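Here is the structure we will look at, set down as structure tokens.
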Amino acid sequence: MAMLVANLSSSSFCFCSSLRFQSQKDIGSDVRVLRSSKASLRTASIEYRDYADSISTFDRSLTDANTRLRRFCEAGNLESAVKLLSVSGKWDIDPRTLCSVLQLCADSRSLKYGKEVDSFIRGNGFVIDSNLGSKLALMYTNCGDLKEAGRVFDHVRIEKALFWNILMNELAKSGDFSGSIGLFKKMLSSGVEMDSYTFSCISKSFSSLRSVNGGEQLHGFILKSGFGDCNSVANSLVAFYLKNQRVESARKVFDEMTERDVISWNSMINGYVSNGLAEQGLSLFVQMLSSGMDIDLATIVSVFASCADSRLLSLGRAVHSLGLKACLGRQERFCNTLLDMYAKCGDLDSSIAVFTEMSDRSVVSYTSMIAGYAREGLAGEAVKLFTEMEEKGISPDVYTVTAVLNCCARNRLLEEGKRVHEWIKENDMGFDIFLSNALMDMYAKCGSMQEAELVFSEMPVKDIISWNTIIGGYSKNCYANEALSLFNLLLEEKQLNADERTVACVLPACASLSAFDKGREIHGYIMRNGYFSDRHVANSLVDMYAKCGALLLARLLFDEVASKDLVSWTVMIAGYGMHGIGAESIALFNRMREAGIEPDEISFVSVLYACSHSGLVDEGWRFFNIMRHECKIEPTLEHYACIVDMLARTGNLSKAYRFIENMPIPPDATIWGALLCGCRIHHDVKLAEKVAEKVFALEPDNTGYYVLMANIYAEAEKWEEVKRLRKRIGRRGLRKNPGCSWIEIKGKVNIFVAGDSSHPETEKIEAFLRRVRARMREEGYSPQTKYALIDAEEMEKEEALCGHSEKLAMALGILSSGHGKIIRVTKNLRVCGDCHEMAKLMSKLTRREIVLRDSNRFHHFKDGHCSCRGFW
DNA sequence: GTAGGGTTAG
């Protein structure tokens, strides 16, 4: 027995020293040795040889059981090994044999047999030393029972860093980063010697936890332990900093490395790209080339991503040929990123060429190609490819489906989008935040906010993009109140921070409501968070102020926008236009062109609108011609509508009529409607009748046009015609869209409809209006009764006029706000002529400035005058 | 260390 013990310990020394030798040489390869099953056979055979040398010939029975067990292990016959073990007695089995069996359990990922071996060990009271404990821990780790593996570490002192590393790694892989860090801390307090793998493994956990603090502490510890010069450790630190947006810290580690390998370069380049610094990534790539470092597939993949990001097609092409020279041309990843790069750079033909020539196309290839088609608006092709991939047996994944949804969103394909939604439900894709956001966006862009809201409400987890998508969807689909209340909810919940995009999404809602105070509140939020430097935010803020009637404020902010783009100029040009300051619009338009910014069709709409609302006919024609001949922009219906409006307002009615008849595209109701408005201003009933028939034919259900025509008849006192028209409206079952006006007072929006007496201040309002009316009569003004669409006694008409919603709102504003404050009223329809006259007088009598925004433009009333000068 | 997906202003 004594001899046996001596032999065992000597063989045990052999066993350990062979491993120790390996670990000193190359720790990384040691891990790989244990992980691949081929290598484990090698380990087992080393153990077996060592053991065979050491056995004594007089104890055959012991040899037999252990030899047979090891032969089973060598042959990978786990079942027989465990069966034999279960019928063996404690004294028949050598602990190192148990190690071999456990190793086989670990390699075959067999928790069932592993547990049997464990109970054999415990049942027979084997002393679990560091070696046996290590194998037990490895078995549980590889078999996925990480809790049990952890328990082994609690009870046995495991000496080798390797086994700690493996469990740490598995914990991290399972998402238990804190567990992984906990194990690391235990390792630290146990005084177990760490190796480079320990550090790269644990920095991944800190990285995934986004624990910058923890990672920085680890960095300090690494430097103290002298592992700072180790390449793989430094690489993992670089990766850690890059993943946590500490690009400068990453670069510092990178720069201080004595020898950078291809991985160091690749992670640094890729880190730049994923942190939105594609150009720095590219310049590092150039440095990499000149340093003589060989590039590999990962390098190219990152560089293609940078090219795609920065739309650098020519550089992408150059790298393409570089990759071909490096013989990467047939690699699937190479082709996938290549085709994606071409698609994102707008060279779809090259993408298609790469796609066609690929021998093996994966779901990634298809997804990139579908996204490429979608980007170019080729929805049909995208959907075709989606069907084709299913036919070829390649199942779409969440990435593919989001690409298809994005395609539906861009092309407003609600029906196709709904089908994709059904497909998602049928295929049970499960919850994915990207997918749900894409679904919401599709519904929102297709105008179906109810379905978008449903998706939103059913999301178990929402991120800021989910909120931005739903708020922006409501904003764009004219549900301004819903957009604002969701924005408030987001702020109240305090779970997520409203970002630049949120603000850019919600400001148009304030703009459409003319919610000046709410807009100012959001302006404060923007300043507190430093969001003004974001151009989208600044532009939408300027637009909001312009649309809330605060034109000077809009201009002040516009001047603050550091680098103005086309949208910045356009909102300001449009702002002046809707306030009737056409000359300033034109001046800005010219300044924009001088600044080297090319106008697009929307900026031309803005300047043409400004010309028409200021009666600048010659200028309007000039811009129309510049657009067509200098800028080569084909006019759209909107541009034609501006010209017709401009001619009609200025009394050039027959010119406008001829202009419409000669349009190269068929005019819509808006175009004829603009002329109809002109007919009203210039009291041309005959032409109006002719034009109205065209409008009614194009939009038979739009009540606004019938009302307009009725007004034209009423103003000409053709009451019979008014009656006939009213009957016609009745026959169609149409009801007049009620006029409504609102005013924000101390943060609360007060809404009035015509004849409204529900407001608590009604009596005061009516008394005030009667006083104003009396003063008006004294000053020689008679009520503009023809604006009341009622054929009745003059008195009744006057009363009906008094009830117009904009008068009520203006009166409330004057009565309930401090003297210096500007009255801001918004109306959903155009302002009525009598209200317009009355507003002029109110501004004079009360010495208050009134800003009235109607559905068409702004009216600034001051000292008895209006800024529109009759162009409305 | 490595490819494909979702949100913003006129």
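Just so it is clear, glycine is given a Cβ too, placed from its N, Cα and C backbone atoms.
Feature list (source: TrEMBL):
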type	residues	note
DOMAIN	A:780-872	domain 'DYW'
REPEAT	A:160-194	repeat 'PPR'
REPEAT	A:261-295	repeat 'PPR'
REPEAT	A:362-396	repeat 'PPR'
REPEAT	A:432-466	repeat 'PPR'
REPEAT	A:565-599	repeat 'PPR'
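Sequence-distant neighbours of the repeat 'PPR' (A:362-396) (same chain, 6+ residues past either end, Cβ-Cβ under 8 Å): 332, 335-336, 339-340, 342-344, 348, 351-352, 355, 403-404, 406-408, 410-411, 413, 416. Each residue of the repeat 'PPR' (A:362-396) gets a DSSP state, and the totals for helix, strand and coil are 26 helix, 0 strand, 9 coil.
Helix, strand and coil residue tallies for the repeat 'PPR' (A:565-599), in that order: 26 helix, 0 strand, 9 coil [DSSP]. Each residue in the repeat 'PPR' (A:261-295) gets a DSSP state, and the totals come to 26 helix, 0 strand, 9 coil.
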